[in-house]
Amino acid sequence: MEKQDRIKYLVDILNKYAYHYYTLDDPLIADSEYDVLYDELVNLEKETGIVLPNSPTNRIGGEVLSGFEKHEHLNTLYSLGKAQSKEEVRNWVDKTIEFVQNYNENHVNKLPKVEFYVEFKFDGLTVNLTYDGGYLVMATTRGNGTIGEVITSQVKTINSIPLKIKDTRLMEIQGEGVMPLSSLENYNKTHEPKLKNARNAAAGALRNLDPAVTRERNLDAYFYNVNYLQDNELETQEEMIKFLGDNYFKLYPYEKHATSFEEVSKFIDEIFELRNEIDVLTDGVVIKVNDFKTREKLGYTNKFPRWAIAYKFEPERFTTIVKEVEWNVGRTGKVTPTALLEPVEIGNVTVKRATLNNIDDIERKQVRLNSEVFVRRSNDVIPEIMGVVNPDQEDTEEIEIPHYCPYCHSELFRDGVHIFCPNSMSCTPQLVKRMVHFASRNAMNIDGLSEKTLEVLLEKLNIKSIEEIYDVKKEQLMQLDGFKEKKSQNLINAIEKSKNVDLANFIFALGIPEIGEKTSFELAQKYKSFDNLREAKFEELIQIEDIGNVIAEEIVEFFHDETISNSIDSLLSKGIKIKNPENIEKKLDNLTFVLTGSLVNYSRKELTDKLSNLGAKVSSSVSKNTDYVVYGEKAGSKLTKAKDLGVKLMTEDELNSFLDNL
């Protein structure tokens, strides 16, 4: 259970951190801390073979805010794989060189000797600029890699960004919007509240709906990539950089070429020494293969290009004192410690908290109350405690491990390095988080039933179980602060609408340990009805792809737990009608679809899942291998490209007719 439990924890916490970092521009932890957790998840997934559907390893990036107009990029904006040590850089360099050598041994048309391009990695906000006819026509954020948010007005306040360039072809140019450290210092002399760091200042300015705010922060931008170019003739990174310079894009005056790890390592050290002398926040180095044909042969993972890697510098360490430890309860009942620190200034940020993973983390690092500890961070909020300064420090006290839940006072139990509250039915934090999961879009999809709303319902209406959601009356809601006629009716309508639910969504909503969306779908397809699933046998379950012994045991135990079974029966008595799945044949095998524009009857994810379940591949970019492009309103350049290539086009209605006739 311990490894599976750890995977689930890592997926949940990394998704939370990614949401705050990419979507809210309100990072909760340092990049280095995120990378450590991410690498741990990758290793555990490889070791166990368990990859949850919502794992960040499946993702390219973060979610898109609804406050800005959306825009589809002409090509996917990939993030970069990260190396945490020089040894990892060496391995990447060696693998790349070996790949080219093996390729050349087996092909007549040889690839050139591998040359690496080494450059600064700046810490700001990625901007993607679209030029057509020589003019800037669109500027967007990276968004989730496929769809960004339009920030054209904000970007135009940056004087270093050209509004007109020489080349008249359609193109996308990628760069980094940054706030120079001198601009940050000058801004803080005359403004309150003061900005905490340059990265958040740049991101916040570019994501502000008022361009006047952006202009006031005196941003800059550096460019490093041509993401798309019509009739692209560029063959190397070196040619690309020259093309950017010739078209008035600002380049950072540092570029080095290397043919070996030793040379790459030398340039990494050089940039590390220069980083505190420059006027821009930098947190590492980017290393790319120079030749584009070699890049094409190396290709991509679903998240990163194999031809580039980012090396992040080890953050500086500081010391502070652990004053207290608080214990918080999650959806699964896990009780997690958080260290409250004596405030310490790190990189213009006042740090007061640090997450401690578990009891083992406390014991292994010998952390005690009043201990002087090493903490480290890059440019984000919550640091990592590395260990104590002096294990023999005398004026410290042992951190008391709680025996009773800090919320419901139930007796806790220990499982491995974690402690849990067993009171899953009425422990408020657990109940709230389970209800949030139950109401989430890919579960029962109760629009408007947020965590904040649920906390109010539990407190004011004395709701004690999930099924009581369906007993809430409009009159009760209208008595609560913030609930008027329309909001109350909308929530009641959403609750009522959720009673008609697909079997896969209902299975996912129950929150069975280790069961994500993909496994819920597979269970629905296998058992066809909820009654059949409740009677599932261990021997049957382990025959299903992606379900091993541990997950099979979890499912059997879940449905044989008397309390859970009674709760499910009570839930079903509220009028829940479960739609059983039809037999799905893979009728779209070997067909590739691309979606573009705003859809009416589906979210992009819903339609992607629908097509994927029928065997289709849904791609993020149009090519000659695309079979169909499905387009909605405000379809962008992908539609134009599809027309140019002669790809078959479908409206949403035409797609529905097409699927109905399969």
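Glycine is no exception: its Cβ is also placed from the backbone N, Cα and C atoms.
As recorded in Swiss-Prot:
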- ASP31, SER32, GLU33, TYR34, ASP35, SER79, LEU80, GLU119, ARG142, GLU176, LYS288, LYS312: NAD(+) binding site (BINDING)
- LYS121: active site, N6-AMP-lysine intermediate (ACT_SITE)
- CYS405, CYS408, CYS421, CYS427: Zn(2+) binding site (BINDING)
- 583-662: domain 'BRCT' (DOMAIN)
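Summary for the binding-site residues LEU80, CYS421: the Cβ-based neighbour count within 10 Å is maximal at CYS421. Nearest in space to CYS427 (Zn(2+) binding site), taking C-alpha to C-alpha distance over the binding-site residues GLU33, ASP35, LEU80, ARG142, LYS288, is GLU33. Secondary structure counts, DSSP: the domain 'BRCT' (583-662) has 28 helix, 18 strand, 34 coil. Fewest other C-beta atoms within 10 angstroms, among the binding-site residues CYS408, CYS427, are seen around CYS408. ASP35 (NAD(+) binding site) falls within a helix when secondary structure is assigned with DSSP.
In this structure, the binding-site residues under consideration are GLU33, ASP35, ARG142, LYS288, CYS405, and the one with the smallest number of other Cβ atoms within 10 Å of its Cβ is ASP35. Nearest to CYS408 (Zn(2+) binding site) in space, judged by Cα atoms and limited to the recorded positions GLU33, LYS121, ARG142, LYS288, is GLU33. For the pair formed by ASP35 (NAD(+) binding site) and the residue listed as 'active site, N6-AMP-lysine intermediate', distance between Cα atoms is given as 16 Å, rounded to the nearest Å. Counting only the Cα atoms, the space from ARG142 (NAD(+) binding site) to LYS121 (active site, N6-AMP-lysine intermediate) is about 16 angstrom. Checked against LYS288 (NAD(+) binding site) by C-alpha proximity, the recorded positions LYS121, CYS405, CYS421 yield LYS121 as the nearest.
Sequence-distant contacts (6 or more apart, same chain, Cβ under 8 Å) of LYS121 (active site, N6-AMP-lysine intermediate) comprise THR282, ASP283, GLY284, VAL285, VAL286, ALA310, TYR311, LYS312.
Distance from the CA of GLU33 (NAD(+) binding site) to the CA of CYS421 (Zn(2+) binding site) is 27 Å.
The two recorded residues LEU80 (NAD(+) binding site) and CYS405 (Zn(2+) binding site) have their Cα atoms spaced 42 Å from each other. Between the C-alpha atoms of GLU33 (NAD(+) binding site) and CYS405 (Zn(2+) binding site), the distance comes to 28 Å.
DSSP assigns the residue listed as 'active site, N6-AMP-lysine intermediate' to a strand segment in the three-state reduction.
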